[in-house]
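Participant: My questions all concern the structure below.
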Amino acid sequence: MDIYEYVSNIISDVRINGIDALKRYSEAFDNYSGGFTVTDDEIEDADKSIKPGEKDAIKNIYERIYEYHKNQFEGQKINIKNGSIYGIIYRPIDRIGLYVPGKRALPSTLMMLGIPARIAGVKSIVLCTAPENGNVNKYTLYIARLLGIREIYKIGGVQAIAAMAYGISMKPVDKIFGPGNKYVNEAKRQVFGITGIDGLYGPSEICLIADDSANINYIKNDLLSQLEHGEASSAYLITNSLRIYNEVKLENVKKYYKETVEESIELANEIAPEHLELLVNDPLKYLNIIRNAGAVYMGEYGPVPAGDYFLGVNHVLPTGSSARFSSVLTVYDFMKRISVAMPSKYDFLSAVDSGLKLASIENMKMHYKSMEARI
């Protein structure tokens, strides 16, 4: 059975059999047979079990992420000309679902998803995450409390995506956000259209460009940091320094030698990596020739792991070369754009003849009559 059929069967089972199917999959995959809803007591217990220093670190990072994202939204775009009003208005999505992997808990991802959602004005947020030994990760619950998320379910995997999309054990959501394994990705792909999705996120990637000025230890550590995410992760080193090319000997790192930094960046544009890191002299002068990357980190104090945690930039990024057409997660992903038009009589009459001609070309008779009646 291929992955499409495997995932499709689970989604269909959950859609048709509801909570009974969720219980079966929770027992089979998570060894869990309890209730799905996380209680206030569980959230309180998680809060009490976290050390003050850990809370301070989480709050500091929370504030940095909030500060970075709060100015992304530039407001409504309304233009008034000749008595006409045209523009774009923005509205938050009514209800979203956040998926946070539970088996290898990454609570930082919840901040990267939840903070821009709150800034966007999303009122209703549901969180699904798989339990480990019957419990949700305590840091995930603490961050959910900071975000004001009270609707939390102990549901993971494909069944969580199906539950959020079809409203099993909860109200259905309008859009699902969050990374997962290949099965979760396939589930998101299959429910798209029933609900929205943020994207399809694969294994982590880093492409590091270094010139002869780069610190060898920084290069090695930064490349290995992304391989730490799992065996399917990718790491590329592109350098115009033969010394660095020869000294960096790491398993599972693909190395390329190019004559110049510009040529190195051109190769990186072809790779279109999730993370592009520049350890070169004067990196800013190369920024304008970078076309394809989920995120760019520059300078000796800008390693990718710092971006993963505390720089404030979002770490939910396009993978698998999808940076050719996709972007980093922002506040706008949690909003809808709605076009607005209120033409004046003068504006309408000055252009309606063109509209009538186009309606005739397309043989749209009622379109023609609708406009003609106003002349």
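In case you wondered, yes, glycine gets a Cβ from its N, Cα and C as well.
Note that the structure is a prediction, hence the values are computed from the model and not measured.
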Participant: Which candidate from Ser169, Ser204, Ser327, Ser339 does Swiss-Prot annotate alongside Gln226, His229, His275, Asp308, Glu362, His367 at the substrate binding site?
Facilitator: Ser204
Participant: Provide the three-state secondary structure of Glu362 (substrate binding site) computed with DSSP.
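Facilitator: Going by the DSSP assignment, Glu362 (substrate binding site) belongs to neither helix nor strand, so it counts as coil.
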Participant: Given Glu362 (substrate binding site) and Glu274 (active site, proton acceptor), what distance in Å do their CA atoms have, once rounded to a whole number?
Facilitator: 44
Participant: Checking your reading of the structure: which of the recorded positions Tyr99, Gln159, Asn181, His275 lie inside a 10 Å Cα sphere centred on Gln226 (substrate binding site)?
Facilitator: His275
Participant: Determine, for the NAD(+) site, the additional residues of the same chain whose CB lies within 8 Å of the mean position of the CB atoms of Tyr99, Gln159, Asn181; present them in sequence order.
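Facilitator: What remains near the Cβ centre is Pro101, Cys128, Ala130, Gly156, Gly157, Val158, Ala160, Ile161, Gly180, Tyr183, Val184, Ala187.
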Participant: Just to verify a number: CA distance, Ser204 (substrate binding site) to Gln159 (NAD(+) binding site), in angstrom, no decimals.
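Facilitator: Distance between the two Cα atoms comes out at 24 Å.
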Participant: Taking 10 A as the limit, how many CB atoms besides its own sit near the CB of His229 (substrate binding site)?
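Facilitator: That number is 16.
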